[in-house]
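S.K.: One structure, pasted below without further comment.
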Amino acid sequence: MNLIEKDLKYIWHPCSQMKDYEEMKPIIIDRGEGVYLYDRDGKEYLDIISSWWCNLLGHCNPKISAAVKQQLEKVEHVIFANFSHEPAIRLCEQLSEVIPKGLTKFNFSDNGSASVEAALKMSFQYQYQTGHKEKVKFMCLSEGYHGETIGALSVGSMDLYAKIYKPMLMDAIQITAPDCYRCPYEKSRDNCSTECFEHAERAFEEHADETCAIIVEPLLQGSAGMRIYPPAYLKKLRKLCDKYEVILIADEIATGFGRTGKMFAFDHAGASPDIICISKGLTGGYMPMAITITTDKIYDAFYADYSEGKAFMHSHTYSGNPLGCSAALAVLNIFREESVLENASKRAEYLNSRLNEALMGHPNIGEIRHLGLVNAMELVADRNTKRGFDSGLRTGYQIYKKALEKGLILRPLGNVLYFNPPLTIKEEEIEKAVSICAQSIGEVTQRSR
Ligand SMILES: *Cc1c(COP(=O)(O)O)cnc(C)c1O
């Protein structure tokens, strides 16, 4: 039996209809370098989606690899209750300097969903312990995504992931999210006054009394198809949360660490959330790690004599893993030494202009939207009505398969194709990715017309 046959014999791949694998076999990756992955035959794949948005500074980045190797010689893991270690301590000290201000206390876990669960429980318990036992519900935005564990799914709104599980989820209060491409107020991104914020205002008027927290993906609803909305929305939300004493949770798992052009998406709004969840880019894509970071105010509501029973009784075995912390420290070091944000913003302009030149004239591209290096192309059957392709056609998936043959990993989100490359991608790599992308779109849409 060869490796592919054995893979199919044993492995249940994530987020996949396994029957699709009969036709499209798993690609067995042997090694990675920079923006490229290589299979066992040496075929190269340009990883324009950063291996599910986590690979931040290239595969096998020599500096991160060296930092993890060094830590491996000292200690690989240690219980994080009552014990600590230098990488975790130094990491928090250094993160303090780059996260939105006011966020001061760090609670470690090992994946994005887990950090969201911690944020939800923390918010609930904060309200409970500060005299608001009636605040038991959560608010979220429609089309939001916060992970796939039960709590995270409950505050997510994407039927694709949640529908079948509805009977076992808590019911959250869902606010209609901004939809800038198909704006119901018929505004453009240039003359928008966040009219859609009225949905949030109404929800708060009706439900804030029973709500402990609201969770949002700031500026970029990733899984929904890289939907981008303006910072003014976050500013207004910050004010509303203050007025009604609702905790504001920023899920920056996808947007953190320079993806949106600033270190964190909330920085665009000149405001701070009460809780921030970070993961994906945190270790550069090296180790599973996440942190839920909050304010002194929230932390203090848990700080009491043991007998009062106010502690946050929440743990994960791999909390604060030293290998993850040393990878994350190396990431921050690279940001400082290599001016990562400045260079990424130059290449962000280049990427967007190249994509526009190559594709904006195409009859099936409705919009190319961008924030930092993230660029999303909305595939439409009709540009005038903005009608998308029938999902049964799986147009995005067909383009994905075509691009894979040509050596580009362009995994779609329904009818949206996107680039979310490592921040260190080079111009010639952008050039190559844009060209394969345009060819693949051309070939597939030609066929379906
Ligand atoms: C990926 C993601 C999560 C979930 O993180 P996992 O590590 O996959 O559990 C949560 N929220 C957002 C915005 C994400 O992009």
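Quick reminder: no glycine exception, Cβ is built from N, Cα and C everywhere.
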S.K.: Would you identify which residue of Asp47, Asp251, Asp382 TrEMBL lists as part of the pyridoxal 5'-phosphate site it also attributes to Gly112, Ser113, His316, Thr317?
M.R.: Asp251
S.K.: These are the binding-site residues: Trp52, Tyr145. Which one scores highest on other Cβ atoms within 10 Å?
M.R.: Tyr145
S.K.: Would you count the other CB atoms within 10 A of the CB of Asp251 (pyridoxal 5'-phosphate binding site), including those on all shown protein chains?
M.R.: 31
S.K.: Round to the nearest Å and give the CA-to-CA distance linking Ser315 (substrate binding site) with Asp251 (pyridoxal 5'-phosphate binding site).
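M.R.: About 19 Å separate the Cα atoms of these two residues.
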S.K.: Just to be sure I understand the packing, how many Cβ atoms besides its own are within 10 Å of the Cβ of Arg411 (substrate binding site)?
M.R.: 17
S.K.: Just how many other Cβ atoms lie inside 10 Å of the Cβ on Gly112 (pyridoxal 5'-phosphate binding site)?
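M.R.: A count of 28.
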S.K.: Filtering Gly112, Ser113, Asp251, Ser315 (binding-site residues) by proximity to ligand 1: which pass a Cβ cutoff of under 6 Å to any of its atoms?
M.R.: Gly112, Ser113, Asp251
